[in-house]
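Taken straight from TrEMBL:
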{"type": "SIGNAL", "residues": "1-20", "note": "signal peptide"}
{"type": "DISULFID", "residues": "21-84", "note": "disulfide bond"}
{"type": "BINDING", "residues": "21", "note": "Zn(2+) binding site"}
{"type": "DOMAIN", "residues": "21-144", "note": "domain 'NTR'"}
{"type": "DISULFID", "residues": "23-117", "note": "disulfide bond"}
Ligand SMILES: *[C@@H]1O[C@H](CO)[C@@H](O)[C@H](O)[C@H]1NC(C)=O
Ligand SMILES: *[C@@H]1O[C@H](CO)[C@@H](O)[C@H](O)[C@H]1NC(C)=O
């Protein structure tokens, strides 16, 4: 086994053992750039499904996506210790980022997965300056070329 694989396994097992949430430090721009999707959405429901929470979301605007999000109505976040699960306020408007998952057999069952390590902002609570800082990143268009931004 190569040293790289051993190192990756070590990281994998240590994340299982460590029960506190740890996120790699990165800027909002970096978090938006690595995400599959960045959306503006309202949270309209919450349901515990085994070890995760399924939030019902109403997508208001798609700011970034690598695929069609017209059927997206669910955000999934983990409740397992150390998985950095998100707690979202019901009826609040959010800027959300995360990854898109859609089962090949049922592409209509598309979900957004997210966590506290992703860039998430409650737009009902954020100041005008905080909101402007985020939405200005998309003007005129998102620029992920600034490697150390
Ligand atoms: C959205 O869901 C409908 C109904 O299930 C399906 O026919 C359609 O292909 C889906 N659209 C996308 C983009 O997946
Ligand atoms: C980012 O870099 C790519 C490839 O060099 C270039 O095509 C693209 O126009 C750049 N985007 C911006 C917003 O500068």
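Here the Cβ of each residue, glycine as well, is placed from N, Cα and C on the backbone.
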*Given the model, what does the mean pLDDT over the domain 'NTR' (21-144) come out as?*
95
*Could you tell me which three-state DSSP class residue 84 (disulfide bond) falls into?*
coil
*With an 8 Å cut-off on Cβ-Cβ distance and a minimum sequence separation of at least 6, pull the same-chain contacts of residue 23 (disulfide bond), or say none.*
84, 115, 116, 117
_So, three-state DSSP: helix, strand or coil for residue 117 (disulfide bond)?_
coil
_With DSSP assignments reduced to helix, strand and coil, which class does residue 21 (disulfide bond) get?_
coil
*Quick one: of 21, 84, 117, which of the disulfide-bonded residues has the smallest count of other CB atoms within 10 A?*
21
